[in-house]
């Protein structure tokens, strides 16, 4: 029986990686000759050699490798090198998945990928450096955010996720420590190891143990087939945490947390939070994925429009949101 499950798991992993490779191949074939020529010019300007970089310090350590802060000695610019032993890289589909997907993403709200270096027994991914750290660190140091600050971050997350969803890529691990802070309040999404690729609108992804527990949607918790709507749930959890500095499913017992996620039984927000913000969170955290809005819907939600764009509206009767969970 264990061999059967092992074979099933391997086949699912191979299908997932095959989808990622197909996406990469499709992207590469669609690029114009002009774009390829520009890349050649960029390559001449920035030599992809480990000797080009000066080591500053180690800034992170994970299961598979280290994050090193370095300086390009030619351009005097800081980068992050993600150092992974080749032996580990070659035997982990998650790492290959992250590498391939990140290499084809190019958006203002996604951390930039600059290339790869193989040196000795290591592979190095060259990534954009975020001087302000991540959103989790900021909240731990400064506490909860006001609605305008929270909405400005969520807007940028939505823009980045919308870009990914338009390309049939599902992030599946949106959380504060995967949102990096840059100058002038710019926020970018990072860490694409848990991403899944949909080959069409009707396809569902598979995967058990994907993502971080407290941010997982009910379908991820249960290991059920899922699509881009799982990211929408995570955006609801993020919004709640930004406004309260607490998890919506706060509990000492992990079993209780799981049950509360499955029922969308989150702690109600107090009166200090606007009705629009409560409705934004409520709409994202629907147990049934089909009842959750799209990224485009959320980009046009009154809470985002009022907080970020501060659009003046003509006086009219106040809209009343009826909050009842649709399972």
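Every residue, even glycine, has its Cβ placed from backbone N, Cα and C.
Remember, TrEMBL labels are computer predictions, not curated facts.
Just so it is clear, the model here is predicted, and its values are computed rather than measured.
Here TrEMBL flags 173 as active site, proton acceptor. Other Cβ atoms within 10 Å of the Cβ of residue 173 (active site, proton acceptor), summed over all protein chains shown, number 22.
For 82, 128, 129, 130, 191, the entry in TrEMBL reads ATP binding site. Proximity of residue 130 (ATP binding site) to non-local residues of its own chain (separation of 6 or more, Cβ distance below 8 Å) is seen for 111, 180, 181, 182, 188, 190, given in sequence order.
Annotation for residue 175 (SUMO2 cross-link): spatial neighbours 136, 212, 215, 234, 238, criterion Cβ-Cβ under 8 Å with sequence separation of six or more. Residue 175 (SUMO2 cross-link) falls within neither a helix nor a strand when secondary structure is assigned with DSSP, and so counts as coil. Annotated SUMO2 cross-link per TrEMBL: 175, in sequence order.
Taken from TrEMBL, the feature domain 'Protein kinase' covers 53-304.
Here the Cα atom of residue 191 (ATP binding site) is found 8 Å from that of residue 173 (active site, proton acceptor). Counting only same-chain residues six or more apart in sequence, the Cβ atoms lying under 8 angstroms from the Cβ of residue 128 (ATP binding site) belong to 79, 80, 111, 112, 113, 114, 188.
Binding residues for ATP (82, 128, 129, 130, 191) extend across at most 14 Å, taking the greatest CA-CA distance. For the pair residue 173 (active site, proton acceptor) and residue 82 (ATP binding site), the Cα-Cα distance reads 19 Å. All protein chains shown were included, and the count of other CB atoms within 10 Å of the CB of residue 129 (ATP binding site) stands at 19.
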